[in-house]
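Take a look at the structure set out below.
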Amino acid sequence: MTQTNGFDALHAHAQRLRGAAIPALLAAEPERPTQYAWQVGPLYFNFARQKYDRAALDALFAIARERDLAGAFQRLFRGEQVNVTEQRAALHTALRGDLTDAPVASEAYATAAEVRQRMGALIQQLEATDVTDIVSVGIGGSDLGPRLVADALRPVSGARLRVHFVSNVDGAAMQRTLATLDPARTAGILISKTFGTQETLLNGSILHAWLGGSERLYAVSANPERAAKAFDIAPGRVLPMWDWVGGRYSLWSAVGFPIALAIGFERFEQLLEGAAQFDAHALNTPLEENVAVLHGLTAVWNRNLLGSATHAVMTYDQRLALLPAYLQQLVMESLGKRVKLDGSTVDSDTVSVWWGGAGTDVQHSFFQALHQGTSVVPADFIGTVHNDDPYAENHVALMANVLAQTEALANGQDSSDPHRSYPGGRPSTVILLDALTPQALGALISMYEHSVYVQSVMWGINAFDQFGVELGKQLASQLLPALKGESADVADPVTRELLSKLRG
């Protein structure tokens, strides 16, 4: 990005604005509170407290045009091989809508719709049995997305099926889950793209034995033959996924099977509808009015021009408490790259460390550092305008905290006592859902997906591979024999010492 024609001008704006007070920016642009705000379907965004002005934004958009961001969106949606290192398309958008005339994308959409029909039929069959509980086994993209959506949208009471998620290879996770269930009234779903994932295979074996066989086991995989063979699951209970959908983008596919079981098939389809509606905004809206583009460019601005190394996400709705963990994978696995598409080293920093939690709990843990620490941490504050629980006063208090915290972070407060002085200048974006509906959550997740893609295009990196996770898995596989007491050649001296401690 630093090699673009417009970077010097952008850098000059950053130098001008780095020390600017956010109240001064608001005073210089009196219409900023509304001009930097957008309503897209059920989502409202306000960027007025970010540390840029119109001139800096124009410079950002100029680089986005130089990077052919609009063309990059076309290539993504049309099913071109944007995942160049694996020579694959990234057609997660086709799982929820058909927005182009590209045959590849249209075929993917039709295939996904057919699999959803099969999934709906399996759900009807399950609901007609005496099964009351589902154990969903997966990890990473096979777990974080489904777990987030199921937790956010599950009924408060009266659910026909209860879904439990197990991801960690630590046996305690499976033990605690199964201890509360009756094997005669439980079914299991094993989700793995390759069906070679160690955690899923080990936990799947435990679940298979506990259930007494495969009669109530289902699977989702891009390798359905291996899935069926590994646990003797009938082919009719194995749903496919595809190599043109990355795990962290897959909740819209049959990986969403546990979502549909937890919230109902109709509401699962509404989730997809909401995502498709935001997809249309991302694909068809001019850059300057495109919220996904602005969100992504804001992240680039804060990372590369203002030097922020981390980004916080605070969800002021308890039902979205798992969103920060989901976004950690979506953002950091997608953007944690140090080489560009052509294999050369990047010329700027890439991904920030994403983290966060649920408000107001986090105000009593890490907000001290946000307000008075030495690091400036940009943040997203996410809340809901309307809440459907019966405790209206609580929701008012919750939203009062969103307003108060974002104002305090931005404006600060002087004091004669330095210990009680707040420097301010902490930028934030406020995102409000009209209500936490399937459509709104689908749109919100879609927005973050496209924001990630924007950042990858600006940095010239591949958002759709994850080779960084492989080395550790390979070494773990090689060390298993040594931990079991078998002879093994372990070259690393620290690993040898740790092995001796673990083996007693």
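Quick reminder: no glycine exception, Cβ is built from N, Cα and C everywhere.
Remember, it's a predicted structure, so these values are computed and weren't measured experimentally.
Noted in Swiss-Prot for the protein shown:
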- GLU333: active site, proton donor (ACT_SITE)
- HIS364: active site (ACT_SITE)
- LYS473: active site (ACT_SITE)
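Taking the features listed in Swiss-Prot, we show where each one sits on the structure.
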{"residue": "GLU333", "record": "active site, proton donor", "contacts (Cβ under 8 Å, 6+ apart)": "GLY140, ARG248, GLN466, GLY468, VAL469"}
{"residue": "HIS364", "record": "active site", "contacts (Cβ under 8 Å, 6+ apart)": "none"}
{"residue": "LYS473", "record": "active site", "contacts (Cβ under 8 Å, 6+ apart)": "GLN198"}
In three-state DSSP terms, the structure that HIS364 (active site) belongs to: helix
